[in-house]
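Trainee: Take a look at what TrEMBL says about it:
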type    : residues       : note
BINDING : C87, H90, C158 : Zn(2+) binding site
DOMAIN  : 17-194         : domain 'GTP cyclohydrolase I'
Amino acid sequence: MANPDDERNGVARDEAEAAVRTLLRWAGEDPSREGLLDTPKRVVDAYGDWFSGYGDDPRAYLERTFEEVAGYDEMIVLRDIQFESHCEHHMAPIIGRAHVGYLPDGKVVGISKLARVVEAYARRFQVQEKMTAQIAAVIEDVLKPRGVGVVVEASHECMTTRGVHKRGVSMVTSKMLGGFRDDARTRQEFLRFIGDPRG
Ligand SMILES: [Zn+2]
């Protein structure tokens, strides 16, 4: 049995598990049959993992920077950052990858930190457009680079497994700030680095 004192964001664990049992009953199942006995517990554990981003501060990942980079001021790109998120409309998985680039202005961040930032936003209920903008905004805000580019490509299971049932489609969103927005050559260089046909 779950510890009844175990709560998260003001919701008791028992209450969260009861909600899963309600959905199982609603779908036509008997939550008391053997194969489903531990399912509410597993689902709540999985939610703890999938939505850990709410307890994460993306700004904090960007606050430790390196300034001794021998004057390096060219574009830095981390591409193919795989992520799993969930759409806020259906709570269904969004599976995709993000490409993040910036033009440093003296301050450079450890490359793994960009992946952490993507993860902190992905592990929440999301809208792809919003997530793309959030990643770009926090990099601009904390690192104050000369430009930021974020491209996100993802498939949405609310579209592939229900509704219009279109498999193999992915949605591409991008947010360009500073030099990535104003300078076509910078933007193209970024798009070329990430293998985007627009580059
Ligand atoms: Zn959806």
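Just so it is clear, glycine is given a Cβ too, placed from its N, Cα and C backbone atoms.
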Trainee: Have a look around C158 (Zn(2+) binding site) and count the other CB atoms within 10 A of its CB, chains all included.
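Mentor: The answer is 16 other Cβ atoms.
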Trainee: According to DSSP, folded down to helix, strand and coil, what is C158 (Zn(2+) binding site)?
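Mentor: Where C158 (Zn(2+) binding site) sits, the three-state DSSP reduction gives helix.
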Trainee: Using all protein chains in view, find how many other C-beta atoms are within 10 Å of the C-beta of H90 (Zn(2+) binding site).
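Mentor: Other Cβ atoms found within 10 Å: 16.
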Trainee: Over the domain 'GTP cyclohydrolase I' (17-194), what does the predicted model average in pLDDT?
Mentor: 94
Trainee: Based on DSSP, name the secondary structure state of C87 (Zn(2+) binding site): helix, strand or coil.
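Mentor: Note: C87 (Zn(2+) binding site) is in a strand by DSSP.
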Trainee: Taking 10 A as the limit, how many CB atoms besides its own sit near the CB of C87 (Zn(2+) binding site)?
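Mentor: Excluding its own Cβ, the number within 10 Å is 18.
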Trainee: Specify all same-chain residues, apart from the site residues C87, H90, C158, whose Cβ lies within 8 angstroms of the center of the Cβ atoms of the Zn(2+) site, ordered by sequence.
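Mentor: Output for this site, in sequence order: H86, E88, H89, M91, A92, I94, H156, E157, M159.
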